[in-house]
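What follows is a set of notes on a single structure, which appears directly below.
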Amino acid sequence: MAFNLEQYGIDVATIYRNTSVPKLYEIGLQKEKGTAISDAGALLVYSGKKTGRSPKDKRVVRHPDSENNIDWGPINIELDERIFMINRERAIDYLNVCEHLFVVDAFAGWDKGYRIKVRVICTRAYHALFMQNMLIMPTAAELAEFGEPDYVIFNGGHFPANRYTTKMTSKTSIDVHLEKREIVILGTEYAGEMKKGIFSVMNYLMPLQNVLPMHCSANVGEAGDVSILFGLSGTGKTTLSADPKRRLIGDDEHCWTDTGVFNIEGGCYAKAIHLSAENEPDIYNAIRFGSILENVVYDEQTRAVDYDDVSITQNTRASYPIHYIENTQIPCVAGHPGHIIFLTCDAFGVFPPVSKLTPEQASYHFISGYTAKVAGTEMGITEPQATFSACFGAAFMMWHPNKYAELLAQKLKEHQATAWLVNTGWTGGGYGTGSRIKLKYTRAIIDAIHQGAFEDAAWIRDEHFGFQVPTSCPGVPAELLWPKTTWDDPEAYDRVKEQLIGLFQENFEQFKSNVNANILAAGPKQKAEV
């Protein structure tokens, strides 16, 4: 019997299931406006008006089976089942009037003990190729026995939600129903919504099995030693995880189980802004036939891409299968991490370039998810702004952050992993007076962590943050390691440090009632509290 979608009320004659890349190129070029081929062979696509995620339009169905597990609020906004069904019906009605549909049947998760079967139903070749890149494609034998999926995405993103429907705030809606195991997308063609929808699902499912889902990159050394790197945008996560001496496990989404770590995805979704062969050769060389370049500007004649042109969006992206990166661990599974590295770009110039954390301190900084951004100079603002995102990925976390933090602390202790805080930001003063820590020094620090160079180091305890700071590191000037000595005005350093501690404490107020007392006690303390 021919493959069909009748069980969902979808009756479309032409369905392309797990289609070859050349065929997807052909259909995209023929049918989808704004689609072209770059001079490197990548598929150039345009996602329409939405060139990024729409977090304010994400909804989760409130259901008795899961409602006590969800951290309801501005990230997980509740939706009742009736409204979900209205949106689902709207998406299916739209899918039914399409000339053809694409289906991607694939897996999320490289570890067969934890992977889920995902079915994506969509209208664009671009979306099908994107998800064939980002999920783990089944072999012919696995596809023949695929059966019913665990989760289904109905992507009717070309068609708007009815903004007059209760609880709808715009023409865009991304609705997750954990009990029906479905995701409905309306009013956005941005492909990242599908990827992050599945990540949100994994963030809910995995803790039920005592597995920690993580928004992080991961790599492994020749001896099988694994490192996890957490960090918000601009901290250097992608750059530092691409290490010629280590194999890439993945760049964005992982899980830590009782046997080790695995990548959730089969591909990478890298930022393409200012991309160059010199700075990021791995990503640059991965952009070829089978890759997608999303919302980039290119020369109409030569099809050469201008990665510095952000006139469409600053959020230009490249999607490609992970095996397009040369130095990759396939399958993307490895043992337990020996090192957990939190990357922060501290524009206040307070944090040392490297410090060692206790498991409780690691949980505190994990929940905080701190980095600092420098405001736009066009507005004349030069003061750094603290940014906190719980678990370094608040937008995708379904449980309360403490759930993930306790899992992290448990696994750190069980597997005797060491947690590190690495500052890729400023030294010698904050933004405007100090200077950015050189990449070569940060690389030397990461190398020292991997090579065990700190095992016999002497340490100084920071009395306010409580972490341990080494007095020496191969390849890094010793004077850089203790930040106060790099400032011309030590008293100014103390004042800014007090200010930053205050920001940490203020941010953590929202978590206090649900957080383990040991984690709370591991937070930074003002002078008067020491």
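Just so you know, the numbers here start at 1 and follow the chain as drawn.
A Cβ is built for glycine as well, from the same backbone N, Cα and C atoms used for every other residue.
Annotation source TrEMBL lists substrate binding site at ARG53, TYR190, LYS196, ARG317. Look at TrEMBL and you will find LYS196, HIS215, ASP252 tagged as Mn(2+) binding site. What TrEMBL records for LYS196, HIS215, 231-239, GLU280, ARG317, 436-437, THR442 is ATP binding site.
Annotation for TYR190 (substrate binding site): spatial neighbours SER47, GLY48, LYS50, THR51, GLY52, ARG53, SER54, GLY157, criterion Cβ-Cβ under 8 Å with sequence separation of six or more.
Excluding LYS196, HIS215, ASP252, which define the Mn(2+) site, the same chain contributes LYS195, PHE199, GLU253, GLY393, PHE396 within 8 Å (Cβ to the Cβ centroid), listed in sequence order.
Listed in sequence order, the residues GLY52, ALA191, GLY192, GLU193, LYS195, TYR269, ASN315 complete the 8 Å Cβ shell around the substrate site centroid, once ARG53, TYR190, LYS196, ARG317 themselves are left out.
Ranked by Cα separation from ILE437 (ATP binding site), the binding-site residues LYS196, HIS215, ARG317 are led by HIS215. Using CA atoms as reference points, the binding-site residues LYS196, HIS215, ARG317 were checked against GLY231 (ATP binding site), and the closest is HIS215. The secondary structure of LYS237 (ATP binding site), as reduced to three states from DSSP, is helical. Around the Cβ of LYS237 (ATP binding site), 22 further Cβ atoms fall within 10 Å across all displayed protein chains. Separation of the C-alpha atoms of THR239 (ATP binding site) and ARG317 (substrate binding site): 15 Å, rounded to the nearest whole number.
With respect to their backbone Cα atoms, LYS237 (ATP binding site) and ASP252 (Mn(2+) binding site) stand 9 Å from each other.
According to DSSP, GLY231 (ATP binding site) is assigned to a strand segment.
Considering only the residues assigned to substrate binding, ARG53, TYR190, LYS196, ARG317, the longest pairwise Cα distance works out to 14 Å.
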